[in-house]
């Protein structure tokens with residue numbers, strides 16, 4: 001028996017990610033917004049998002065999952081977290 | 001043209017640039033021996049390189065169908081002897097670079113390409129520290145080296161044509177494009193960039209504008225992708241101050257004497273992104 005992980009609830013993940021991004025970017029974010037502009041700073045932030053998702057949801061983002069498109073929006077990140085959490089649950 | 005399997009790199013110095021160059025090379029299938037003075041630093045460097053490789057993959061900048069190059073870490077400088085290229089990436093302090101390059105010169109066989117990832121010390125000065133100065137060339141990798149394709153290649157007055165061919169072949173394998181400049185303190189990029197950053201810091205020190213505003217103006221009005229003070233934090237404020245001292249000593253340009261604010265940040269241990277705080281605070285903010 002395992003404890004239910006709130007991370008696998010799509011609404012909860014979406015709300016957590018929106019709160020995280022709003023704090024970091026210091027601007028309102030919508031779930032479908034494209035978070036990146038071209039340039040180096042945004043690429044550094046992309047890596048921070050990878051680390052954040054891995055630490056927060058106890059997942060490992062490797063191989064073909066490690067692509068910028070999966071971090072482009074809150075929608076895309078939520079889908080990634082759900083997919084990888086599902087795999088973790090076996 | 002050469003194949004990536006023909007190259008074996010030794011990188012000396014596991015700091016910001018050493019780990020950057022190691023990630024770039026291993027990500028392009030070239031094996032690397034990474035040397036530093038203590039095991040703790042090397043253990044941290046292995047994690048850093050892994051993270052940088054992840055970042056490179058995330059950004060889609062690694063070649064497909066090429067395996068990762070093996071990474072070996074060591075505290076024994078003699079382990080560089082088998083490398084086809086040695087890249088020196090130690091602190092920008094003349095005495096430190098002199099000691100390392102002198103030792104490397106005694107270890108490597110003739111025909112080994114010796115690269116200094118120097119920031120400001122002229123190649124001709126370093127060429128006197130090695131037995132075969134014609135095999136020494138400067139390559140100024142940018143940070144992050146695995147993301148920025150362009151590098152500044154510094155040809156010393158004694159650098160041979162064969163060395164220039166070898167460095168071009170290596171950069172091609174690493175997917176980098178080099179623009180060649182003649183030797184001078186700071187070369188082109190840092191002769192321009194370092195005084196600019198110093199002046200930007202001075203404007204903050206004088207209360208003319210905050211770091212956010214200085215960077216915001218250069219980004220918004222002049223099209224810089226990263227403002228001068230965020231660039232300083234990326235380089236490392238401590239390294240920048242060292243480089244400015246090198247430039248100031250060799251050019252006499254008063255614009256190159258590191259300003260009080262920069263020296264204070266160094267004293268306080270606020271060295272930029274790598275310590276979590278420099279001109280900006282990275283512990284909470286996204287950028």
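Placed from the backbone N, Cα and C atoms, the Cβ positions cover glycine too.
If you look up TrEMBL, you'll see B:13, B:14, B:15, B:16, B:17, B:18, B:36, B:92, B:97, B:119, B:143, B:274 marked as NAD(+) binding site. Per TrEMBL, the feature domain '3-hydroxyacyl-CoA dehydrogenase NAD binding' maps to B:9-183. What TrEMBL lists as domain '3-hydroxyacyl-CoA dehydrogenase C-terminal' is B:186-282. According to TrEMBL, the site 'Important for catalytic activity' annotation covers B:140.
Across the structure, residue B:15 (NAD(+) binding site) and residue B:140 (site 'Important for catalytic activity') are spaced 15 Å apart at their Cα atoms. Note on the domain '3-hydroxyacyl-CoA dehydrogenase NAD binding' (B:9-183): mean pLDDT across this stretch is 96. Comparing Cα positions, residue B:140 (site 'Important for catalytic activity') lies closest to B:17 out of the binding-site residues B:13, B:17, B:36, B:97.
Applying an 8 A CB threshold to same-chain residues 6+ apart, the list for residue B:13 (NAD(+) binding site) reads B:35, B:36, B:88, B:89, B:90, B:91, B:100. Within the same chain, residues at least six positions away from residue B:17 (NAD(+) binding site) with a Cβ under 8 Å of its Cβ are B:89, B:117, B:141, B:143, B:145. Within the domain '3-hydroxyacyl-CoA dehydrogenase C-terminal' (B:186-282), the DSSP-based counts of helix, strand and coil residues read 64 helix, 3 strand, 30 coil. According to DSSP, residue B:13 (NAD(+) binding site) is assigned to coil rather than to any helix or strand. The Cβ neighbour count for residue B:143 (NAD(+) binding site), using a 10 Å radius over every protein chain in view, is 18.
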